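*Asks:* After the structure tokens below, expect a handful of questions from me.
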Amino acid sequence: MEKKITPSELELNEFIKIINEMSGIDLTDKKNILALKLNKFLEGTNTKNFSEFLGKLKSNRQLKQETLDFVTIGETYFLRELAQLKEIIYYAKSLEKRVNILSAPCSSGEEVYSLALLAAQNFIKDMYILGVDINSSVIEKAKLGKYQGRTLQRLSESEKRRFFLESEDKFYTINKNELCTCKFELCNVFEEKFSRLGKFDIIASRNMIIYFDHESKLKLMERFHRILNDKGRLYVGNADLIPETIYFKKIFSPRGVYYEKV
């Protein structure tokens, strides 16, 4: 039987600190459930104890990525928070030019492809959507564009037929011929690579900021401000709390709330 590797309170706090430094994510409130889940994860890391794991985590690049993949895994689906997605497309169409959209984090691609199919339904062709995420496994899934039927439950049958190719194993693969250009990149929003992604008219950052501490939120707002075009908009999730900064002003519109670049 596999020996369980259980972290001490100090070791767990050190792990949470390392993850925060790497990604900005604050796992303090999830300490109890994290301790339980770590046992299973550590079985595949070839470490004798948690202290050895922490030592490797600080220097082993592959282990860093595997650990980030572990702590950021989550479920998502197509057309999530649909009203806001429609508002993004409504604004994009009003610009009457080529529109660049950033989805950060993009998870396994459902948000990016949801925006793309809504754009297609609104006859928007000149649009580029880039999805970035810190989790390597979800980025690979997004690039593949193959999904289980349950993630498409909010789509009509006609939408499924137009935008997906159904396989015999009951998986659905995105029909990219029907969509605007969608790309995906592995990227940490706090690393230098993020600043080189280009300029965007819209950033959709939904259900990520809620996991950041206050300092990381402020840093992220500055980074978002830097890559947005003038009057660019930031859309966040319903649970995301945005600190007041010099970079954005909060706008209340009949179609919902967004943040405009100052």
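Note that Cβ sites are derived from N, Cα and C of the backbone, with glycine treated the same way.
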*Asks:* Same S-adenosyl-L-methionine site as Thr76, Arg80, Glu111, Asn188, Val189, Arg206, Asn207 according to Swiss-Prot: which of Asp133, Asp169, Asp230?
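*Replies:* The one candidate that Swiss-Prot places in that S-adenosyl-L-methionine site: Asp133.
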*Asks:* Specify the secondary structure state of Asp133 (S-adenosyl-L-methionine binding site) as given by DSSP, simplified to three classes.
*Replies:* strand
*Asks:* When you measure from the Cβ of Asn188 (S-adenosyl-L-methionine binding site), which residues in the chain that are at least 6 apart have a Cβ under 8 Å away?
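*Replies:* Listed in sequence order, they are Met22, Ser23, Ile134, Phe194.
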*Asks:* Taking Arg80, Arg206 as the binding-site residues to compare, which has the smallest set of other Cβ atoms within 10 Å?
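*Replies:* Selected from the binding-site residues Arg80, Arg206 on minimum Cβ neighbours within 10 Å: Arg80.
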*Asks:* Calculate the per-residue pLDDT averaged over the domain 'CheR-type methyltransferase' (1-262) and state the result as an integer.
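*Replies:* So the average pLDDT across the domain 'CheR-type methyltransferase' (1-262) works out to 93.
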